[in-house]
Amino acid sequence: MPRLQCLTMATSLILLLQALSLVSSTILSRADRITRLPGQPRVGFQQYSGYVTIDEKKQRALFYYLAEAETKPISKPLVLWLNGGPGCSSLGVGAFSENGPFRPKGSILVRNQHSWNQEANMLYLETPVGVGFSYANESSSYEGVNDKITAKDNLVFLQKWFLKFPQYLNRSLFITGESYAGHYVPQLAQLMIQYNKKHNLFNLKGIAIGNPVMEFATDFNSRAEYFWSHGLISDPTYKLFTSSCNYSRFLSEYHRGSVSSMCTKVLSQVGIETSRFIDKYDVTLDVCIPSVLSQSKVVSPQPQQVGETVDVCLEDETVNYLNRRDVQKALHARLVGTRKWTVCSDVLDYEVLDVEVPTINIVGSLVKAGVPVFVYSGDQDSVIPLTGSRTLVKRLAEELGLRTTVPYRVWFAGQQVGGWTQVYGNTLAFATVRGAAHEVPFSQPARALVLFKAFLGGRPLPEEF
């Protein structure tokens, strides 16, 4: 057989295999396509949701929700969003309370006018197994889960998810999240970089983490100064909270099941003065008194601007919506090993001591590898206050020898100050979001969208109206 004919046949075979692979992937993704969510207004973009099995032997599967970009999805990046906890849902919190296209309102969904899928294809992942609709056939899979397991599972998820959606393979990929995602996001990004050394699968373009847990002592001990500076605790209590028992010491003792009498005394006094009617995740706002959830998990923002109203019990509505059978059917979701979908898992046994393991060093390794890192903080959050995050970013910049390229200054959203920002080198940025809570996109959606656009574009935040 002539050489040219052999080459032609080989090329044809390769093209045929590629075509078959594409057809197979199309069938897989088509099965996950959402026709329409109950109560949803008409939209022009596609939605998908379903499962990716990350462990066939133990039947461990992670649940995802993809909201493609409102316009030109083919030309826009893919953004993975992870909520923290550990053990809280990126579907219920991220997609349906923060930056997704819809928010529940009674029996219907209303459009989020500041949804992040205006700028990107948004992928929300319920992780680890045991969170939300993600499940395992054996309850033992929910025990002893830790950061290492979660990072590996998230990597496997992405590898297999790309088999369903190969059209996203070469797309610019960003990883974002908040709170304990200060562990999830850097750890996943680190594994992706390591994997790319052999396989070059991920087109990672940057990470963004909001009010993130990055270094146990610095993050949590900044709470005392925040409480005091905002008038939530008295001078004597502030002194006790910084000298007799700081918050990282209390948490460390609490996680080990042996809280000292001194820490019990100090935290009791702090609790009395701050009161249980203050949302620690947003100290300026009201709480949802009849909430079916723990108060500490409810984000209750005030109106962002004149004429805008916000439901302070939004998480209640999300819980009710996602527990509807018709909604679960539309999402291709099912409950395994639990009777009810919850915002934060009540079956997951996570290794709480992992919170004490710093990830700021991993963030530094990402910066050195050329991955842009954006750390942002809602300035009304007392749980992971901006002061701790700002200190950590500044310290990291000094350790890496990065010069300041954007001096500390205000940035604008519309005709108002959106917050303050500083940039080091070309890869490390910090910003505050004025008036925002722990969950920035929920409490300040317009400002969060401005920040998100700048992050995706690799640009400094606006310094003019």
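From the backbone N, Cα and C atoms, a Cβ is placed for every residue, glycine too.
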| field | Disulphide pairing with Cys344 per Swiss-Prot - partner from Cys6, Cys88 | value | Cys88
| message | Counting Cβ atoms within 10 Å of each candidate's own Cβ, which of the recorded positions Asn137, Ser179, Asn246 comes out highest? | response | Ser179
| remark: Cα of His438 (active site) to Cα of Asn137 (N-linked glycosylation site), in Å and rounded, measures 34
| message | Just to verify a number: CA distance, Asn246 (N-linked glycosylation site) to Asn170 (N-linked glycosylation site), in angstrom, no decimals. | response | 47
| query | Which whole-number value in Å describes the distance between the Cα atoms of Cys88 (disulfide bond) and Ser179 (active site)? | reply | 10
